[in-house]
Amino acid sequence: MAAFCRGRHRWKRTNVSCLHVLTRNLTGKYDYDLVVIGGGSGGLACSKEAAQVGQKVAVLDYVEPSLKGTKWGLGGTCVNVGCIPKKLMHQAALLGSAVKDAKKYGWQISGPVCHDWATMAEAVQNHVRSLNWGHRVQLQDKKVKYLNLKGSLVDEHTVKGLTKAGKETILTAKNIVIATGGRPKYPTNIPGAMEHGITSDDIFWLKKSPGKSLVVGASYVALECAGFLTGIGLDTTVMVRSIALRGFDQQMSGLVTDYMETYGTKFAWKCVPKRVDKLSSGALQVTWTDTHTGNEHKDTYDSVLWAVGRAPETKALGLDKLGVQLNKETGKIVVGADESTSVPNIYAFGDISEGRPELTPTAIKAGKLLARRLAGHSTELMNYDNVATTVFTPLEYGCVGLSEEEAEKRHGKDSIEVYHAFYKPLEFTVAERDASQCYLKVVCERGGDQKILGLHFTGPNAGEMTQGFALGFQCGATYSHLLQTVGIHPTCAEEVVKVNITKRSGLDATVTGC
Amino acid sequence: MAHRLLVRRIWTLSAKDIRCLPASPATTASSSYSTSLQSSTARVSFLSPSRTLPRSLPHTSRREVSFNVQDHEDFTERVINSQLPVLIDFHAQWCGPCKILGPRLEKAVAKQQGRVAMAKVDIDDHTDLAIEYGVSAVPTVIAMRGGDVVDHFVGIKDDDELDSFVSKIIGQ
């Protein structure tokens, strides 16, 4: 039996390598029409679309374990350590608030309601695993060759794939697409940061509760994580070096963080961590400087989560050898409007490419369009404008278009009109919840039909709400269109179509009841 | 699916033919059971497939009846090359219906008292194997006899449906 099994494997291996030599030498053609390095949102969409339009495609996906040893399956950041687990844990936190509100609505809930991390984590992790499998089946169905190998470039038409053990596989391709995305950064100058801290790569896969947590950073990753940690009942502090949600409308950012502070998240503004030490108890002692006062402070935490930015996964790709141009500051791959790099027939898109939004939907769409162009089926380029997004903090923030600051910069303060309103979701009334940060604003051109330049909304279900308006935005909606639209009652979204107070007027923007 | 089944049949047939070249049972065992037990069980199954195993070998029959597949080699040995018909239960820890079907399958298999075996494959641990057998949704149960896929179903079945499914596999 053993002899038989070994024999079969030997035959298989020889046969395969013979086939490779045959393909390269005899016909001069490549093994594949397209090889995609990276099996995330972008890579999978691109490879499946390419197969759909008749290309012979292979996709390589490989997850380098995090410093803490966390690893995951096929699907990339979004599925495994991003959007999906984040939204599920955000939902877990929202349900906690809902349970508290429920009593006011008549539900007889005896005693305090507690949250069990292990139950939530297992459920979330199980769902993610089902998605890993789903993606695997989809690749099989669409006839995309899947290889769990760490890909790197040998030359413009050759990709090397390595197994964990170091075994090599060589693939040749007419075109190569790089969609390897990014990974969280660790601070390099803080002693103890790497040994004792975790990142978003780890938080969703923890089997035990992170306990009292310090989240360092003020990106949406930091705020969303801190948000759901607070929501499930954990003592959470956010340490912010300068401002929160850099790049987003700063007025809205303030509303988001104000709400979080009201609801129990602690903020250490203008503070910078200096060192992290592990105590004999196992707890982590963090020393930081308050840059306002110059004073040093210490406190202990069970977990320290670094959310201080993401770095592109380019190190192991062998890009410098081929002369693929990278942006010196960010390290991301410089790309043209058609996702091409400085090397012909090598393309890059998604989080790895410079100047692109780090979002799943843009990566998916860009990937599909690229696949079609490479197969010669289309010339359509990806439109990166007017992309709507939502930050899933405890008070969600949805937006599409320009921030007020950006609109002012581009058009001049006198050429824009900002309509705004503070509103109160009906559901908050009975629940006696504070709605001070529930707000919306529509930034428009001041003249003509008043084209809408940007729309911003904080409130429950901001993501669901903003999606519809994003369509209007894409169609070139104006303030007059807004006035012509009748609201759905009673909703929060109707306040957008009813908005009429301008910032310029200085009038009180609080909406009165119907 | 049918085409894939046919390919599977041809492949396993040739594999089985080679496997069945005169080789003493002693060389076959690479897993947990001792060779003498396995060979005697094999002899019994060949002679009287419908008779229950002698009561003197309860451990072997219970151990063989339901097991978790360890790797590709284990699968080849205990499933493809099994003398008994085998039900392969492709399942996943994240699959709710799998948790319902699993115990029902065990019950249906146990009722047959050693006339059919059950191989459990966790598709996250053995993704390639699951993909090879065309599994997409779980639970998927594939029935194999002499290395050939003879039947399969996807999703949950109740106890009666399972008993009938299993009987059909053994009866053929």
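Glycine is no exception: its Cβ is also placed from the backbone N, Cα and C atoms.
Taken from TrEMBL, the feature domain 'FAD/NAD(P)-binding' covers A:32-367. Under the heading disulfide bond, TrEMBL lists A:Cys78-A:Cys83. Sequence annotations record features per position, and here TrEMBL assigns FAD binding site to A:Lys87, A:Gly151, A:Asp351. Annotation comment: TrEMBL describes A:Gly217, A:Ala218, A:Ser219, A:Tyr220, A:Val221, A:Ala222, A:Leu223, A:Glu224, A:Gly309 as NAD(+) binding site. The feature domain 'Pyridine nucleotide-disulphide oxidoreductase dimerisation' is assigned by TrEMBL to A:387-498. The active site, proton acceptor annotation in TrEMBL covers A:His489.
Here the features listed in TrEMBL are placed on the structure.
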residue	record	Cβ neighbours (10 Å)
A:Cys78	disulfide bond	22
A:Cys83	disulfide bond	18
A:Lys87	FAD binding site	16
A:Gly151	FAD binding site	27
A:Gly217	NAD(+) binding site	25
A:Ser219	NAD(+) binding site	19
A:Val221	NAD(+) binding site	23
A:Leu223	NAD(+) binding site	27
A:Gly309	NAD(+) binding site	15
A:Asp351	FAD binding site	29
| request: Look up A:Gly151 (FAD binding site) in the DSSP assignment and reduce it to helix, strand or coil. | output: strand
| query | Taking the centroid of the Cβ atoms of A:Gly217, A:Ala218, A:Ser219, A:Tyr220, A:Val221, A:Ala222, A:Leu223, A:Glu224, A:Gly309 as the NAD(+) site, which other residues of that chain lie with their Cβ within 8 Å of it, listed in sequence order? | reply | A:Val215, A:Cys225, A:Ala244, A:Leu245, A:Ala307
| said: Please count the residues of the domain 'Pyridine nucleotide-disulphide oxidoreductase dimerisation' (A:387-498) that DSSP assigns to helix (H, G, I), strand (E, B) and coil. | reply: 40 helix, 31 strand, 41 coil
| remark: By Cα geometry, the one of the recorded positions (A:Cys78, A:Gly151, A:His489) nearest A:Gly217 (NAD(+) binding site) is A:Cys78
| request: Ten-angstrom check, please: count other Cβ atoms within 10 Å of the Cβ of A:His489 (active site, proton acceptor), all chains counted. | output: 9
| note | Whole-Å Cα distance, A:Cys78 (disulfide bond) to A:Val221 (NAD(+) binding site), is 12
| task | Give the distance between the Cα atoms of A:Leu223 (NAD(+) binding site) and A:Lys87 (FAD binding site), rounded to the nearest whole Å. | result | 13
| message | Helix, strand or coil by DSSP: which one applies to A:Gly217 (NAD(+) binding site)? | response | coil
| task | Could you round the CA separation between A:Ser219 (NAD(+) binding site) and A:Cys83 (disulfide bond) to a whole angstrom and send it over? | result | 14
| query | At the Cα level, what's the spacing in Å between A:Asp351 (FAD binding site) and A:Cys83 (disulfide bond), rounded? | reply | 14
| field | Cα-to-Cα gap, A:Gly151 (FAD binding site) vs A:Gly309 (NAD(+) binding site), nearest whole Å | value | 24
| said: Please identify, among the recorded positions A:Val221, A:Gly309, A:His489, the one with the smallest Cα-Cα distance to A:Cys83 (disulfide bond). | reply: A:Val221
| message | In whole Å, how far does the CA atom of A:Val221 (NAD(+) binding site) lie from that of A:Lys87 (FAD binding site)? | response | 11
